[in-house]
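> Feature annotation from Swiss-Prot assigns domain 'TLC' to 60-267. The transmembrane segment feature in Swiss-Prot is assigned to 9-29, 69-89, 108-128, 148-168, 195-215, 243-263; the stated evidence is sequence analysis.
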Amino acid sequence: MAIRGPEASSFFPLTLVFSVGFFCARFFLDRLVYKPLAAYCFSSKASKLMNDEVRQAKIVKFSESIWKLTYYGSVQAWVLLIIKQEPWSLDTMQYFEGWPNQYMTSSLMLFYMCQCGFYIYSIFALVAWETRRKDFAVMMSHHVVTSILIGYAYLTGFFRIGTIILALHDASDVFLETAKLCKYTEKELGASLFFGLFALSWLLLRLIYFPFWIIKTSSYQSIISLRKLEKFPTTLYYIFNTMLLTLLVFHIYWWKLICLMIMKQLNNKGQVGEDVRSDSEDEE
C-alpha cells in the first residue's frame, strides 16, 4: 500500500501504540529473558565473588544493553531492507523531488511510527527505568530532539531524508551495545573490537556523512526541488535544518567523550573502560 505524504498524518497516533507496546515488551522481556540471561552470564565463580550490590548493578546494565541491542539491531535490519527497495534511497537529489506529494510504503510508515514511538518511550524510560548516568541531561535532550525530528520529518513529508538519517544513527548504536555486553561479561577482546567499530562508525556516519552529505542535501540541494513550488516552505525548511544542526552538536559533544575513552583505552593496554559510550557512568 502506498500512502501519499499529506495523508500520512492520519496514521500518526500509532506512535502512542508503539510507545505503550515498548513498555510492555521491555517489562516482560526483562523478567522472562534478559535478567535470567544476565544472571546466567554472571554465575561464574569470579562473578560470584562480587558483592550482591555490584552484581545486581551489572545485571541491570546488561539487561538494558541487550534490550537496546535487540531494538537497534532489528530496526537497522528493517531500514536497510527499506533502503534496498526504495529507488530514491541512494540519490540525494531525489530526497525532496516531488515534495509534498511523495508516496511512502506502508512498511516505511510503520517504521517511522515504530521509531518515533521508541524515542517517546525512551524519554520516560530514561527518567523512571534506566540507570542514571552523568550525561542524563544531554541524553534527555537528545531523546526529545530526536522524537520531535522523527515526528516532524514524517508529518511534513521530509521522510525520505529522514529515513537515511535514522539508518546512519542506528548503526553506531548496534556496535555500542554489543561492546557494552562484551565489557559487562569481561570479554575484553570483543569489547575492544566493537568499541573500535563503534568509534569508527560514529566518525564516518555521524561526523562526516551526516554533515557533509545529509545536512548539505537538506540545506542546499533541497532548494533546487523546493523552489519549483508556488511558495517556498521557508518555516518548514529552517525548522528542519535547525534540528539537524542541533543533532550534529550532540554528535560532536559525544565524539569528544569517545576520544577520551580511546585515550583511556590506549593507556589501559587496549582494554575498554567501564563506560564505552561517554565515560559518564559512575565507576563500579
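Using N, Cα and C of the backbone, Cβ positions are placed for all residues, glycine too.
How buried are the listed features, and what sits near them?
Nonlocal intrachain contacts for the transmembrane segment (9-29), taken as residues 6+ away from its ends with a CB within less than 8 angstroms of a stretch CB, comprise 3, 67, 70-71, 109-110, 113-114, 116-118, 120-121, 124-125, 129, 151, 154-155.
Long-range contacts of the transmembrane segment (69-89) within the same chain, counting only residues at least 6 positions beyond its ends with a Cβ under 8 Å from a Cβ of the stretch, are 22, 29, 95, 97, 105, 107-108, 111, 114-115, 118, 160, 163-164, 166-167, 170-171, 173-174, 177-178, 181.
Remote same-chain partners of the transmembrane segment (108-128), defined as residues 6 or more beyond its termini with a Cβ less than 8 Å from a stretch Cβ, comprise 3, 8, 11-12, 14-19, 21-23, 26, 71, 75, 78-79, 82, 86, 136, 139-140, 143-144, 146-147, 150-151, 153-154, 159, 162-163, 166.
Outside the transmembrane segment (148-168) by six or more residues, the chain places 5-6, 8-9, 12, 15, 75-76, 79-80, 82-83, 86, 88-89, 92, 94-96, 99-100, 102, 104, 108, 111-112, 115-116, 119, 205-206, 209-210, 214, 217-218, 222, 233, 236, 239-240, 243-244, 247 with a CB less than 8 A from a CB of the stretch.
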